[in-house]
Amino acid sequence: GVSCLCDSDGPSVRGNTLSGTLWLYPSGCPSGWHNCKAHGPTIGWCCKQ
């Protein structure tokens, strides 16, 4: 999967660990995962286990 920046990772991608996984399904994150970015990326969701 493609990594994405969770809100808990910090304000920007520079120098921060990207702990989320970009999820492209319109229904949201898979079972047992949660959306870790409040406003969401441009496409899909940023999900974390």
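Note: Cβ is positioned from N, Cα and C throughout, glycine not excepted.
Recorded disulfide link (Swiss-Prot): Cys29 to Cys47, out of the candidates Cys4, Cys6, Cys47. Counting other CB atoms no more than 10 Å from each candidate's CB, the disulfide-bonded residues Cys4, Cys29, Cys46 peak at Cys46.
Long-range Cβ contacts of Cys6 (disulfide bond) within its own chain (separation 6+, distance under 8 Å): Leu18, Ser19, Gly20, Cys36, Lys37, Cys46, Lys48. Cα of Cys4 (disulfide bond) to Cα of Cys29 (disulfide bond): a distance of 13 Å.
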